[in-house]
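Worksheet: one structure, shown below.
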Amino acid sequence: MPAPRAREQPRVPGERQPLLPRGARGPRRWRRAAGAAVLLVEMLERAAFFGVTANLVLYLNSTNFNWTGEQATRAALVFLGASYLLAPVGGWLADVYLGRYRAVALSLLLYLAASGLLPATAFPDGRSSFCGEMPASPLGPACPSAGCPRSSPSPYCAPVLYAGLLLLGLAASSVRSNLTSFGADQVMDLGRDATRRFFNWFYWSINLGAVLSLLVVAFIQQNISFLLGYSIPVGCVGLAFFIFLFATPVFITKPPMGSQVSSMLKLALQNCCPQLWQRHSARDRQCARVLADERSPQPGASPQEDIANFQVLVKILPVMVTLVPYWMVYFQMQSTYVLQGLHLHIPNIFPANPANISVALRAQGSSYTIPEAWLLLANVVVVLILVPLKDRLIDPLLLRCKLLPSALQKMALGMFFGFTSVIVAGVLEMERLHYIHHNETVSQQIGEVLYNAAPLSIWWQIPQYLLIGISEIFASIPGLEFAYSEAPRSMQGAIMGIFFCLSGVGSLLGSSLVALLSLPGGWLHCPKDFGNINNCRMDLYFFLLAGIQAVTALLFVWIAGRYERASQGPASHSRFSRDRG
């Protein structure tokens, strides 16, 4: 009985309620309709996102742009990083100026415009309009000796593509940071169980969109046309925008409530640099003591609440920061794992020739090659199967036996599976290079590019994709749970934004590591092997990632242990006194 009363609190000034029929069942039915609309929008947006990322390395590495494998991998990691790193920007704009509804709508519009760049550059006239003419020869003169230094060719159309990918990353990150909370607002009145189920289905929608995109869009991009393949994500975003606008009458929309970013920065400055803070605030000692914002008297957090929220942030941040190396590992499946797969033997679908030689069959037009991006389905299918199984069967059983691990313990287990994934990838790369160095190769044409691949089947990559999928269940989902549940209500949006931002930091650090190792003398420096990785040492790169993950996993276990002991101590009563909604 008390819970329903708590949810009937006065509405926020400026909050718009949907035009719902009055009645016992009407509101519940329309709340579910609003939640379903959000799930459909998220599914279409994720289908578009994976449609962009699945073959981005292949697209940039193709004859359309002639980027090297290292350059294409770096661009993919930058885009993935931006799509997470910029999440606080969208959340801040929604909190301060736009509100979540308008932030999502405007983000989808930007998404639609930015995603149009990829199909626009997928045909010659469009490329020449945006990028100019490609240089006659992207390769320099041959090296007289194997050890002579030579830099990789400057990537064609890089400024335009990077600008478009960064705008696309900003749009995707803004949708990610606002649509999740906006959807939860729609079902919050139905109770806490409805909110929990919404998040389960929300994660399902993400992966369902990924499945549809990888099955259809990735196949079209690799075997038919990049123009058609990249036009489908544009259509998905357009349909998502239409559905979002069409469902407006059933949405609950809330006005912007302000941001606590300035308060947190002031508190950080006071704690880290007290002398500097005292000089800065000497004109107002009382302001320096209570850290009050220069706000007019309006609803918002009090100075005491700001201090309490800052203390929570200081406790949570070390836990989330130690997840960054996990994200470095996680994003390999959409960058270096793809590049590795392009240099393994990719079988044909419905081959007409028993010899199954890819180049000959492609020349005859008698079959299609299996899209390398389909291996991402191993990750997605694991999530689609194990999430409901874990939610409905495994977790309740462990709970009855009092063996259910905490979110932090699950995250540590997820790091272990991520570690094993890159170890498996490194071992496979060692075996692949063994065949390459003994001149045991097969030539295969993928899209318009000819690759010298090892005779190892691409199916050998399935274990590393399965392991990264299992790690996602134990690290990513509990990470979201931890960030949402440990934050006070007034900072849930900010802390979720920080969580996604740190995910992007992991991707960008992975990109920086690739760039560093691509310098002359680095493991990934192989300019004489244009477009390929056969003279690189990507196996050592994978083992380096595994070592970084192992060290930080041990650090995470220590930090998480301290956090849980502090939560169970005398101060734990304050944890439960915070308003988590």
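The backbone N, Cα and C atoms fix where each Cβ goes, glycine too.
For 1-14, the entry in Swiss-Prot reads compositional bias 'Basic and acidic residues'.
What Swiss-Prot records for ASN61 (among others) is N-linked glycosylation site. Under DSSP, ASN61 (N-linked glycosylation site) is assigned to a helix (H, G or I) in the three-state scheme.
Here Swiss-Prot flags ASN66 (among others) as N-linked glycosylation site.
Among the features that Swiss-Prot reports, N-linked glycosylation site is placed at ASN178 (among others). Annotation for ASN178 (N-linked glycosylation site): spatial neighbours GLY90, GLY91, ALA94, ARG100, ALA103, VAL104, SER107, criterion Cβ-Cβ under 8 Å with sequence separation of six or more. DSSP classifies ASN178 (N-linked glycosylation site) as helix under the three-state reduction.
ASN223 (N-linked glycosylation site) falls within a helix when secondary structure is assigned with DSSP. The N-linked glycosylation site annotation in Swiss-Prot covers ASN223 (among others) and rests on sequence analysis.
The N-linked glycosylation site annotation in Swiss-Prot covers ASN356 (among others), and the record cites sequence analysis as its basis.
Taking the Cβ of ASN439 (N-linked glycosylation site) as reference, no residue of its chain lies under 8 Å away while being at least six apart in sequence. As annotated by Swiss-Prot, N-linked glycosylation site applies to ASN439 (among others), with the evidence given as sequence analysis.
Among the features that Swiss-Prot reports, region 'Disordered' is placed at 1-26.
Among the features that Swiss-Prot reports, transmembrane segment is placed at 38-58 (among others), with the record citing sequence analysis. Tertiary proximity for the transmembrane segment (38-58) is limited to same-chain residues at least six positions away from its ends with a CB under 8 Å from its CB atoms, namely 69, 72-73, 75-76, 79-80, 83, 104, 108, 111, 115, 118, 168, 172, 175, 179, 182-183, 186, 201-202, 205-210, 212-214, 217-218, 221-222, 226, 229-230, 232-234, 236-237, 239-240, 243-244, 247, 334-335, 338-339, 342, 371-373, 376, 446-447, 449.
Annotation source Swiss-Prot lists transmembrane segment at 76-96 (among others), citing sequence analysis.
Among the features that Swiss-Prot reports, transmembrane segment is placed at 103-123 (among others).
According to Swiss-Prot, the transmembrane segment annotation covers 155-175 (among others), on the basis of sequence analysis. Under 8 Å from some Cβ of the transmembrane segment (155-175) lie the Cβ atoms of residues 45, 49, 52, 60, 65-68, 71, 75, 78-87, 89-91, 93-94, 103-104, 106-108, 110-111, 113-115, 117-118, 121, 127, 130-132, 134-135, 138, 500, 504, all in the same chain and six or more residues away from its ends.
Swiss-Prot lists 200-220 (among others) with the feature transmembrane segment, giving sequence analysis as the kind of evidence.
Taken from Swiss-Prot, the feature transmembrane segment covers 232-252 (among others), and the record attributes it to sequence analysis.
The annotation transmembrane segment is assigned in Swiss-Prot to 310-330 (among others) on the grounds of sequence analysis.
The feature transmembrane segment is assigned by Swiss-Prot to 369-389 (among others), with sequence analysis given as support.
A simple Cβ count within 10 Å picks out one of the glycosylation sites ASN61, ASN66, ASN223 as the most packed, and that one is ASN61. On the backbone, the CA of ASN66 (N-linked glycosylation site) and the CA of ASN223 (N-linked glycosylation site) stand 18 Å apart. In this structure, the C-alpha atom of ASN223 (N-linked glycosylation site) lies 15 angstrom from that of ASN61 (N-linked glycosylation site). Two recorded stretches are said to be in contact when at least 3 C-beta pairs lie under 8 angstroms, sequence spacing 6 or more; the transmembrane segment (232-252) and the transmembrane segment (497-517) fall short of this definition. Counted as Cβ pairs under 8 Å, contacts with the transmembrane segment (540-560) are highest for 310-330 among 103-123, 310-330, 458-478. Counting Cβ pairs closer than 8 Å and at least 6 residues apart in sequence, the transmembrane segment (310-330) and the transmembrane segment (103-123) reach fewer than three and form no contact.
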